[in-house]
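Sequence annotations record features per position, and here Swiss-Prot assigns (6S)-5,6,7,8-tetrahydrofolate binding site to LEU121, GLY125, HIS126, LEU127, SER355, PRO356, PHE357 based on sequence analysis. The site 'Plays an important role in substrate specificity' feature in Swiss-Prot is assigned to HIS229. If you look up Swiss-Prot, you'll see LYS230 marked as N6-(pyridoxal phosphate)lysine, on the strength of sequence analysis.
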Amino acid sequence: MFDESYTIKNFDDVLFKAISDEKRRQEEHIELIASENYVSPRVLEAQGSVLTNKYAEGYPGKRYYGGCEFVDVAEELAISRAKLLFGAHYVNVQPHSGSQANAAVMMALLSPGDTFMGMALPHGGHLTHGSKVNFSGKLYHSVEYGVDSNTGLIDYDALEKLALQHKPKLIIAGFSAYSRILDWARFREIADKVGAYLMADIAHVAGLVAVGLYPSPVPYADVVTTTTHKTLRGPRGGLILCKENEEIEKKLNSSVFPGMQGGPLMHVIAAKAVAFAEALLPEFKTYQQQVLANARTMCSVLQSRGYDIVSGGTDNHLLLVDLINKGITGKEADAALGRANITVNKNSVPNDPRSPFVTSGLRLGTPAATTRGFKEREITLLSNWVADVLDNVHDETNISRVKTQVLLLCREFPVYA
């Protein structure tokens with residue numbers, strides 16, 4: 001029997017301190033990693049609930065275990081809300097992550113050795129889009145497309161030529177570091193020319209898609225995948241969507257379970273249901289509008305300070321800063337900003353001469369800062385502080401000054417009041 005007063009404190013002091021330190025770090029640092037966000041206390045409540053105790057292999061109404069009547073409610077809520085959010089006919093909320101969602105789609109639509117196309121990682125793609133160090137580049141034959149070296153934009157004509165040359169069975173449209181709108185119709189046109197499936201990975205922009213601020217790929221793609229965190233502001237997890245296609249739906253279901261996973265994480269699925277309910281509220285669109293406004297403001301300020309932005313701007317929540325003309329590496333910039341309590345991630349830029357462990361760029365995003373309540377005023381201050389640090393990454397006096405300002409702003413805008 002467990003007493004509900006049992007807590008980590010005074011039981012596991014090392015872990016309790018690590019959690020406490022992380023909570024303080026989140027409150028005292030400004031988060032600019034584009035893939036991170038803060039979930040609501042409601043999402044935390046669901047994810048920390050007793051649903052973590054329940055095994056539920058299978059799908060609602062078709063489980064391999066008894067006692068699933070209440071977790072079925074949670075999963076059905078998550079499914080119905082996701083369908084409403086994205087206008088999808090089919091939804092699978094069971095993938096544990098975006099990577100597993102992508103893997104499940106590939107398993108459903110491809111055979112080992114089949115050819116598929118995805119965006120090159122150094123050009124803004126994702127590991128699961130065909131990187132040779134990832135399962136996607138090992139189990140399948142991946143052909144990478146990229147961006148034009150002059151514009152930083154996807155070269156759709158070059159993409160089409162590659163598709164006609166290699167005849168892929170699947171084309172993945174999606175990114176982890178691309179700041180522009182994807183032309184879903186053009187991707188569909190190219191896929192149709194070679195008889196390929198089209199998969200859209202909207203992990204980064206799902207929240208924007210849900211409220212109509214970024215074009216939806218659902219009408220164009222055969223399958224859509226996403227994470228449930230990032231701009232969607234839910235728990236860390238995956239999601240698969242598609243328009244009506246009974247054959248593909250059956251393949252996807254069996255690919256997720258039993259193909260890729262056993263029992264789903266019912267506490268995470270419940271947290272997804274909560275996040276989807278929050279995303280259906282009017283204020284969620286207001287939040288996403290501010291995310292975009294903040295990203296544009298950050299882009300404008302950094303450009304005015306002499307920093308190059310890949311593609312020349314942003315249409316979404318992120319921007320990729322090219323530091324080559326500044327003579328500093330992404331690794332140096334990441335570390336210096338970290339000392340100022342500004343959290344970012346180093347990132348490769350197109351045709352980067354440096355390794356992925358060093359890089360020549362930074363990826364910045366506004367979802368987490370916007371969740372804190374930052375608007376254009378705060379983002380303008382913050383963007384100038386970023387530039388102040390990057391102007392001289394070795395000036396510790398200046399970095400300390402910026403850190404002091406960051407701490408004051410963080411106290412004004414707590415994450416969890």
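Here the Cβ of each residue, glycine as well, is placed from N, Cα and C on the backbone.
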Judged by other C-beta atoms within 10 Å of its C-beta, the most isolated of the recorded positions HIS126, HIS229, LYS230 is HIS126
Counting other Cβ atoms within 10 Å of each residue's Cβ, which of the binding-site residues LEU121, LEU127 comes out lowest?
LEU127
Which Cβ among the binding-site residues (GLY125, PRO356) has the fewest C-beta neighbours inside 10 Å?
PRO356
Roughly how many Å lie between the Cα atoms of LEU127 ((6S)-5,6,7,8-tetrahydrofolate binding site) and LYS230 (N6-(pyridoxal phosphate)lysine), rounded to a whole value?
17
Long-range neighbours only, meaning 6 or more apart in sequence with Cβ under 8 Å: which ones does PHE357 ((6S)-5,6,7,8-tetrahydrofolate binding site) have?
LYS331
Cβ proximity for SER355 ((6S)-5,6,7,8-tetrahydrofolate binding site), under 8 A, sequence spacing 6+, ordered by residue number, returns none
Translate the DSSP assignment of PRO356 ((6S)-5,6,7,8-tetrahydrofolate binding site) into the three-state scheme.
coil
Consider each pair of residues in LEU121, GLY125, HIS126, LEU127, SER355, PRO356, PHE357, all listed by the record as binding (6S)-5,6,7,8-tetrahydrofolate, and report the largest Cα separation in Å as a whole number.
16
